[in-house]
Structures are given as C-alpha cells and as structure tokens.
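K.L.:
Let me begin by handing over the structure; questions about it come next.
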C-alpha cells in the first residue's frame, strides 16, 4: 500500500460503502454497503513490509466475513417470516444485533478488536475506532430495544473495557479497550435516542483523534516510550494528560458532557441502576489513563539515561487548540445551557 492513488481509491470506496449502508432503505442494501466497506478497508490494513499487519488484516477479514454471513442469514429469516420466530420478533432482532455487535467489537464479541488494533498503524487504529463503527451502529439503531440483552451487552462492554486495559503496556491495545468501554455508553445512548448517540460519537471521535495524532506525531507505541524526556516535552505530556482525562470523562472536561446527557436520559427512562453501574465501572478506565500520563503529574520520576532521541515530525498548532477546546469545552457548554 505505498501508492497514494491506490490509497485514495480504497478510501473513497470505504466512505462510499458506509454512506450506501446508512442511506439504504432495504436490509440487502445495508449488507452490501457493509461488504463494500469491509473489502475497501482490508487493503488499507495490509502492508507488504510488515507481516504483523498482514496477519491483522486476515483476522479482521475472517471476523467481519463471519458477522456479514450471520447478518445475511438473519435478514433472510426476517424476509421469510419464519413462523416460530416471527410471533415475538425477539430472536431475529437478537441475531441481527449480535452480528452488528461483532462487527463493531462490542463485548462479548470483542476478542478480535485489541488483536487487530495492536498490529496496525495509528491511522488504521483511528479508522477502526471511529469511522468503521458508524454504519453498524446506525444499522443497530433500526432493531435496538430496551431489553435485558442490550443492558447486559452495555455492562459487559464497560467491564471488559475497564479490566482489559489494566495490564496492557501497548498504547494501541489500551486505546482498543478504551474503545470497547466507550461502546457500552454508545449502545446505551442508542437505545435511548439516536441524537444522544450522535453527540457522544462526535465528542468521542474528536477526543480519540487528538490523542492518536499525538501518539503518531511523537512515534509512541508503548508506555515505556512516554517516560523518556528526550522524546517528549513536558508541555506535550501535559496536553496528553488533559486529553486522556477528557476521553476518560472527568467532569471539568468536554468528554464528560455526553456522559452527563446519557446519565440524565437513563434516569428519566427509569434506568438509574444501569446509569449507576456504568458510572462506577467507567472510573476504572481512569486508572489506566492516569497511568499513561503519570510522568506529567509528578515533579521527579525515573528516566532512562540511555534513551535514544527519535526524530519527530513537525508539531502542528491544531493539537494545542483541540486540547484547549477539550479543557474549556464543558465549562463553556454548561454556561450556554444555563443561559438558554
């Protein structure tokens, strides 16, 4: 994948697949859009120079092909109006939901997601965490119901997202488990209202993009690389620290705003217990976010004196601006809400 024109071709078909899927008025059109999206993303994942990337693209293909087969089978069952299952519509709905949850990597169908993320480059990781979730989640909104199945998926995603990231040293896998945790919030928001999901997804995408562009710019892939002063300036560490806390959903930052809205909506829908469980479990993710940015918090810490100086790309002015928006975002938005 060295040719830029080839990348552009696959990127355009990737976007086209998602747009076809979300604008289609038939299940078959949705399935076709998801397939175009899948077949466009695999060449972007593959890399002739890196065998691990090729392995991750094969893993991604097998899982997504299985999910697509399951979705097509479920669609055919719905179209045939299978007599035993059509009476309550619960089983076809659960089957469609399960295939879409497997596509986005929600727990308990999450096993492929950290593996694929761990062997990809940062841009592919960002695509997997944001764009690749749009079509399956909007399709999921057609058949999602406030049921025990969705509640258990939500809680399980947040538990696995919280506990899975605790013993990780790879930043890409930490971001993968973070994404699984956020998926729990997104699924619960989708069950309540599609507008809530849009707000959450936009804020989450911006926060993820800021962090991933920081990691890419500084060429960071593992936690021990962050602790070397020659590689990372203190101001950049502090910006990273603020962005991580915002992604974790700590109150003064923008990342808390969509969680606040979802909590309020869940309480209004008599789901206060679910909201409480979600909030308590999400605080665990803050632990590993803070562990990443620990060097920005304390005055003196152990450094590797033998660390090599890595050549960085030129720093962009966009990152400090987005970090500033993240920092003052909640304060400004809550002021606007109170004035309104």
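Backbone N, Cα and C define each Cβ position, glycine as well.
From TrEMBL, here are the annotated features:
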DOMAIN    24-285  domain 'NADH:quinone oxidoreductase/Mrp antiporter transmembrane'
TRANSMEM  58-78  transmembrane segment
TRANSMEM  90-113  transmembrane segment
TRANSMEM  139-162  transmembrane segment
TRANSMEM  199-215  transmembrane segment
TRANSMEM  236-257  transmembrane segment
TRANSMEM  269-290  transmembrane segment
DOMAIN    286-336  domain 'NADH dehydrogenase subunit 2 C-terminal'
TRANSMEM  317-339  transmembrane segment
K.L.:
By Cβ distance under 8 Å, which residues at least 6 away from the ends of the transmembrane segment (58-78) in the same chain are close to it?
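P.N.:
Beyond its ends, the transmembrane segment (58-78) has Cβ neighbours at 27-28, 31, 34-35, 38, 41-42, 45, 85, 92, 95-96, 98-100, 102-103, 112, 115-116.
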K.L.:
Do any residues of this chain, six or more beyond the ends of the transmembrane segment (139-162), have a C-beta under 8 angstroms from a C-beta of it, and if so which?
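P.N.:
Same-chain contacts beyond the flanks: 21-22, 30, 34, 90, 93-94, 96-97, 100-101, 104, 106-108, 110, 177-185, 187-188, 190-192, 194, 197, 269, 271, 274, 277-278, 281-282, 284-285.
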K.L.:
Apart from its near flanks, which chain residues at least 6 from the ends of the transmembrane segment (199-215) lie with a Cβ under 8 angstroms of it?
P.N.:
122-123, 125-126, 129-130, 133-134, 137, 171, 175, 179, 182, 185-186, 189, 221, 236, 239-240, 243-244, 246-247, 254-255, 257-259, 261-262, 316, 318-319, 322-323, 326
K.L.:
Where else in the chain does the transmembrane segment (269-290) make close Cβ contacts, counting only residues six or more beyond its ends and a cut-off under 8 Å?
P.N.:
146, 151, 154-155, 158-159, 161-163, 165-166, 168, 174, 177-178, 181, 184-185, 188, 192, 244-245, 247-250, 259, 262-263, 297
K.L.:
For the domain 'NADH dehydrogenase subunit 2 C-terminal' (286-336), report the average pLDDT of the model, please.
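P.N.:
PLDDT averaged over the stretch: 65.
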